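Novice: Below is a structure I'd like to ask you about.
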Amino acid sequence: MADTVAVILAAGQGKRMHSRRPKVLHRIAGRCLVEHVLAAVGEAGIKKQIVVIGHGAEEVREALGPEYTYVLQEQQLGTGHALARAREAAGTAATVLVLCGDTPLLRPATLARLLKEHRDRQAAVTILTAVLDDPTGYGRIIRDGQGMVAGIVEERDANPVEKAIREINTGIYCFEAAYLWPFLEQLQPNNDQGEYYLTDVVGLACRENLPVQAVAAGDPEEILGVNDRAQLAKAGAILRRRINMGLMQAGVTIIDPETTYIDATVRIGPDTIIYPGTFLEGNTIIEEGCSLGPGTTLRDCQVGKGSHVIHTVALESEIGPGCQVGPFAYLRPGTVLDARVKVGDFVEIKASRIGAGSKVPHLTYLGDTTVGTGVNIGAGTITCNYDGEKKWPTVIEDGAFIGSNSNLVAPVRVGAGALVGAGSTITEDVPAGSMALARGRQVNLSGRSKKSSEKRQEKG
């Protein structure tokens, strides 16, 4: 759609959010509100997208990145004024699609249908409408005897007959640029707010008997705008149900969709089972046949085919195929588990790579560590990687065995096939095939226990 430009109005403050953050940057399902709108526009085939920014302009620009065109509305003087600011950036585009940055539930198919109807009917203006059971608060669509749009009546100006109309204006429009830009120059701020309203452009088109059409959204939930925290939560719940339903239809089992939170950016393969209380966030990718949860959070992670992750928090980590992780494991950024790795209960791993088939079953901290293949890490093993100023690496080569309750003081290397005796504190490299013991020798004092017991009894 090279001849079409989308303009997203995102300059408002959103006072009802009671937030220092611009309204359009509040997040649901892994994206801020305006990102959901931009994603829908892009998936509808519109490549050129202009974002009108105002309140928190630099914050919005930084959040969205350089791929969009930005225009600044320094004073927020209404939707008509905001769109007029985008005229130069729109260039020679023949059709202008206008959307609000706080409508995150719009579907790409709805926008594509709106554009198609606009072109097929050769309209000057096409309005996306919705039919609501309770239209209170919205402008009503007035149609003539031929079904053409004759105007928009705001709630405060509507008579009883007009208030009974259930078709409402969503604030999303297609305009032919040849009519739009001249009409914007004619707008006057003849209202209590002293603002320039985009709805007045529709009125100008109707007065000149230009073809003004309306296309109803199939699902009224799509047009929900977010103006406060309650509406933010409502939109998040709707989007969560939509995401979960799409995944289930694609072959993912979600035991309890109401307690499963999956961002719009997450990808999950078929035959994966997701248990209650699971959060999948960011750019997480789950391959087929996995089992996740309950009580699991994965953010920006990759999980290989057939892995099982239970009661675990993993951040910016890679879990290879056939792994078992948890319960109560913590994988911090930079963790990589190769195939068939076992990470058990109360294990924390940070910035480390664990080789194929290795086991870290319980009560262990591995930081800045490289573990080879077929290694067993005993319970209570700690890599002492931080000296108060710098973090140092630990290397445990293939086939090594680390006994329980061992401390590996970095920088240190345990060679292939080496064995570290339980309770050791290792401060020097262990050669391949060697056994290292670094603990005090046990001393048994005969009869000492009886004497100690008698003294305790005397003290009573």
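Cβ atoms here come from the backbone N, Cα and C positions, even for glycine.
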Novice: Which of these, ALA379, ALA416, does Swiss-Prot list as part of the acetyl-CoA site with ASN385, TYR386, SER404, ALA422, ARG439?
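Specialist: Among the candidates, Swiss-Prot records only ALA379 at this acetyl-CoA site.
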Novice: Can you grab the distance from ASN385 (acetyl-CoA binding site) over to LYS23 (UDP-N-acetyl-alpha-D-glucosamine binding site)? Cα atoms, rounded to a whole Å.
Specialist: 43
Novice: Rounded to a whole angstrom, what is the largest C-alpha distance between any two of the residues ALA379, ASN385, TYR386, SER404, ALA422, ARG439 that the record assigns to acetyl-CoA?
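Specialist: Taking every pair among ALA379, ASN385, TYR386, SER404, ALA422, ARG439, the longest Cα gap is 22 Å.
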Novice: Among the binding-site residues LYS23, ARG439, which residue has the fewest other Cβ atoms within 10 Å of its own Cβ?
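Specialist: So among LYS23, ARG439, the binding-site residues given, the one with the fewest Cβ atoms within 10 Å is ARG439.
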Novice: Where does LYS23 (UDP-N-acetyl-alpha-D-glucosamine binding site) sit in DSSP terms: helix, strand, or coil?
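Specialist: Note: LYS23 (UDP-N-acetyl-alpha-D-glucosamine binding site) is helical by DSSP.
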Novice: Out of these binding-site residues, ALA11, GLY78, ASN227, which one has the fewest other C-beta atoms within 10 Å of its own C-beta?
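Specialist: Per-residue Cβ counts within 10 Å for the binding-site residues ALA11, GLY78, ASN227 bottom out at ASN227.
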Novice: Among ALA379, ALA422, all listed as binding-site residues, which has the most CB atoms within 10 Å of its CB?
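Specialist: For the binding-site residues ALA379, ALA422, the Cβ with the most other Cβ atoms within 10 Å is ALA379.
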Novice: Anything within 10 Å of ASP102 (Mg(2+) binding site)? Look among the recorded positions LEU9, LYS23, HIS362, comparing CA atoms, and list what you find.
Specialist: LEU9, LYS23
